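Written below as structure tokens is the structure these notes are about.
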Ligand code: NAI
């Protein structure tokens with residue numbers, strides 16, 4: 001079946017269930033979810049809840065209450081299942097891993113849309129300003145995967161600093177030349193490590209870095225750390241960005257993507273980094289300029305870059321971050337976007353999504369921490385200073 005036919009067939013299935021919905025007008029709401037395709041893995045592993053196949057584990061529950069549930073990974077273009085069903089959906093569920101981009105133009109077309117739920121953390125794929133203007137609430141399952149990401153950050157820092165990837169590749173090639181690896185391998189102990197963004201993930205990372213005996217921990221954030229967290233992590237706040245980056249051996253980015261962070265790490269700022277610093281970005285790809293980061297790795301200005309987030313997802317085959325290498329042939333720790341979708345995280349964000357829906361159906365208030373955009377206004381301070 002062609003993609004278009006598959007979309008049409010899926011759309012017709014949606015129409016069929018809309019007809020059923022007409023019999024239960026007081027109960028039926030149209031819930032549209034854009035999830036990633038899990039393929040064979042999702043058939044074999046039912047705990048892959050964030051997939052099209054396993055549907056966040058909420059289909060039976062939704063349908064038993066008379067709601068209609070459309071699930072798709074087909075999200076690009078006006079004929080996509082996403083854009084077709086968006087026209088009359090009341091609730092949209094998306095994930096950052098395979099983002100259904102809700103642009104201003106699509107918000108205008110989504111006449112019935114009341115709530116967007118991000119199954120996970122990070123709602124930059126939604127035009128939040130447009131949601132504010134149209135009284136569309138945007139909710140996240142706040143905290144659901146912050147430990148998962150903080151652990152990934154630790155792994156990424158270690159694999160860059162210790163030059164792990166080239167060492168592993170050497171073994172797989174059947175070679176053994178210790179000096180080729182050791183010439184660019186260091187200890188984490190004694191380094192200056194900073195987080196750009198010190199919210200839930202940033203502060204967990206700082207906490208996890210303490211036992212490595214860093215020389216100093218720094219953070220850059222327009223919101224100061226809560227005093228109890230600050231006392232625990234003993235990190236120094238640096239208020240000027242250039243000063244911050246110039247002091248760090250390792251920087252980890254843990255801020256949301258918004259108008260104040262888009263393209264923040266670019267050629268101009270990279271000049272202020274210490275020569276040979278390492279950069280880890282598990283926040284959002286577009287916070288870094290793709291070409292500028294690749295050039296900085298190739299020249300050795302950055303000794304390495306690692307992360308799981310890309311400016312376009314799925315990343316095209318020729319994306320420079322797939323192939324960039326430092327002058328010694330290492331320094332690339334890129335993976336697909338999965339740090340926040342471990343099986344443990346999926347259980348938490350699926351349960352959190354269900355709770356948000358239940359609150360909405362029953363007219364109960366939402367957890368304040370989950371509300372990014374409330375009715376007609378931003379409820380969080382994380383998506384830029386307003
Ligand atoms: P949070 O809301 O607890 O913390 C974000 C922090 O960033 C806040 O303290 C905020 O003040 C700060 N911030 C915002 N703009 C800034 C700027 N211009 N400069 C410096 N600091 C700034 O969010 P949380 O839970 O820590 O998540 C952070 C981000 O991590 C998410 O927005 C998302 O983009 C990303 N994430 C990635 C995942 C993955 O799978 N790779 C999974 C979960 C989150």
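Using N, Cα and C of the backbone, Cβ positions are placed for all residues, glycine too.
No curator has checked TrEMBL annotations; they are predicted automatically.
Quick caveat, the model's predicted, so the values are computed rather than measured.
If you look up TrEMBL, you'll see 60-366 marked as domain 'D-isomer specific 2-hydroxyacid dehydrogenase catalytic'. Look at TrEMBL and you will find 121, 145 tagged as substrate binding site. Summarising the annotation, TrEMBL assigns domain 'D-isomer specific 2-hydroxyacid dehydrogenase NAD-binding' to 155-338. The NAD(+) binding site annotation in TrEMBL covers 200-201, 221, 256-260, 282, 308, 337-340, 382. According to TrEMBL, the site 'Important for catalytic activity' annotation covers 284, 337.
Everything TrEMBL records as a feature, shown here on the structure.
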{"residue": "121", "record": "substrate binding site", "Cβ within 10 Å": "27"}
{"residue": "145", "record": "substrate binding site", "Cβ within 10 Å": "27"}
{"residue": "200", "record": "NAD(+) binding site", "Cβ within 10 Å": "20"}
{"residue": "221", "record": "NAD(+) binding site", "Cβ within 10 Å": "20"}
{"residue": "257", "record": "NAD(+) binding site", "Cβ within 10 Å": "24"}
{"residue": "259", "record": "NAD(+) binding site", "Cβ within 10 Å": "10"}
{"residue": "282", "record": "NAD(+) binding site", "Cβ within 10 Å": "25"}
{"residue": "284", "record": "site 'Important for catalytic activity'", "Cβ within 10 Å": "24"}
{"residue": "337", "record": "NAD(+) binding site", "Cβ within 10 Å": "22"}
{"residue": "339", "record": "NAD(+) binding site", "Cβ within 10 Å": "23"}
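Residues belonging to the domain 'D-isomer specific 2-hydroxyacid dehydrogenase catalytic' (60-366) score a mean pLDDT of 97 in the model. In this structure, residue 382 (NAD(+) binding site) belongs to neither helix nor strand by DSSP; it is coil. Taking the Cβ of residue 382 (NAD(+) binding site) as reference, residues of its chain lying under 8 Å away and at least six apart in sequence are, in sequence order, 199, 255, 256, 372. The distance from the Cα of residue 200 (NAD(+) binding site) to the Cα of residue 121 (substrate binding site) comes to 11 Å. Residue 282 (NAD(+) binding site) and residue 121 (substrate binding site) have their C-alpha atoms 12 Å apart, to the nearest angstrom.
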